[in-house]
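Features as listed in Swiss-Prot:
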- E129, H193, H214: divalent metal cation binding site (BINDING)
- V140, H141, N217, A218, R226, D246, G247, V248, H249, I306, A307, G308: substrate binding site (BINDING)
- D271: active site, proton donor/acceptor (ACT_SITE)
Amino acid sequence: MKYALINCVIYTKYDVLRDFAVIINGEIIEAVIPQAELETGIKTIDLQGNNLTAGFIDLQLNGCGGVMFNDQTSVETLEIMQETNLKSGCTSFLPTFITAPDENIKSAVKIMREYLNKHKNQALGLHIEGPYLSIEKKGVHRPEYIREITPEMKDFLCENGDVITKMTIAAENPTINYTPDFVKAGIIVSVGHSNATYEVAKAAFHKGATFATHLHNAMSPISSGREMGVVGAVLDSDVYTGIIVDGVHINYGNVRIDKKIKGDKLCIVTDSIAAAGAPPELESFTFVGKTIYIKEGRCYDANDTIAGASITMMESIKNAVEYVEIPLAEAIRMSNLYPARAIGIDDRLGSVEKGKIANLAVFTPNYQVIGTVVNGKWKEN
């Protein structure tokens, strides 16, 4: 079907357009043209002056809408996550599977493959976060499962690199030495949950790691003028990094500093769990065998350890604009274009451009998402 989205403020890759229209033909953006040049008789959808942008891409999502991928590992769970995401403008995501036994990881890979055979341009492959981490920076991950990789598991993951998009590995875990193998298999290696020194973290990036998982969280900090830790290595390297902009995981001042240093390598992620997009009456849920409590937007376990976020991508953009003072157009790029580049899919997703997949989000000036387009299909919230 061919139609045009009209009467909107269009955020393209680098421009903000008014009095333009986006023509969608099938699943593709056919053109972005002045509205006055639309052909007579084309079907139109009036967006009533609201913002139109490429759909947001969340590179770290454990769960949402009341479900968790680790605890309900199924195609149906991923479908619930996708439908929940659409309500906040997120059209694509990396389902994140955290530290678990090998058989559970293999099951997650199998389910991811089934999902990808059924759906395209939505869940974009698996993010395996652990178990090859640091005990000292485990966060909510279960320490009894944190380990080095076995040769058999390394081969399995490499053989399934077509459905595993990203892996988080601690820089000091010996598993990091297999980075060239993972990269050759098409897997992006991200440094995270790491207590490494600056030097060890830099070595991980030299081995081929190109991303860092939730900057500042579960990684050794800059503790003095001499000890720079993983945070210092990330800020001093030309790698992408995700950052959680909920005001709980890190101070907004840190986000402001990070943005000045990292520029277009800083990607907004949610790291959200079941509470995101769930009914307000949800007070607790199970995550990898632990009871997680929700209070005032904060998710924590019985030891008061932060267990993930309850924020959406749209809320994150709002926070970036209102509390970090990042211009809206740039906060949007941090949520679609830069994540797309980070995982190498910006040739088809991440911006409103001719020839790209029509995955789009429409939201009001007060950050209320009123509709999305996925693979060219319009859906009103």
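For all residues, glycine too, the Cβ spot is worked out from N, Cα and C.
Counting neighbouring Cβ atoms within 10 Å of each of the binding-site residues (H193, H214, R226, H249), the lowest count belongs to R226.
For the pair H249 (substrate binding site) and H193 (divalent metal cation binding site), the C-alpha distance works out to 14 angstrom. Only N217, from the binding-site residues N217, G247, A307, place their Cα within 10 Å of the Cα belonging to H193 (divalent metal cation binding site). Checking each of the binding-site residues (V140, H214, N217, R226, G247, A307) against D271 (active site, proton donor/acceptor), the C-alpha distance stays within 10 Å for H214, A307.
The distance from the Cα of R226 (substrate binding site) to the Cα of E129 (divalent metal cation binding site) comes to 29 Å.
Counting other Cβ atoms within 10 Å of each Cβ, the lowest count among the recorded positions N217, D271 belongs to N217. Within the set V140, H141, N217, A218, R226, D246, G247, V248, H249, I306, A307, G308 that the record links to substrate, no two Cα atoms are more than 30 Å apart, and one pair reaches that distance.
Reported as a whole number, the C-alpha separation between V140 (substrate binding site) and H214 (divalent metal cation binding site) equals 14 Å. Neighbour counts of Cβ atoms within 10 Å were compared for the binding-site residues V140, A307, and the top value is held by A307. Residues E129, H193, H214 make up the record's divalent metal cation site, and a Cβ search at 8 Å around their centroid adds Q60, I98, G130, L133, G139, T168, S190, G192, T213, N217, A218, D271 from the same chain. Counting only same-chain residues six or more apart in sequence, the Cβ atoms lying under 8 angstroms from the Cβ of E129 (divalent metal cation binding site) belong to Q60, T96, F97, I98, T99, H141, M167, T168, G192, H193, T213. Sequence-distant contacts (6 or more apart, same chain, Cβ under 8 Å) of G247 (substrate binding site) comprise N319, Y323.
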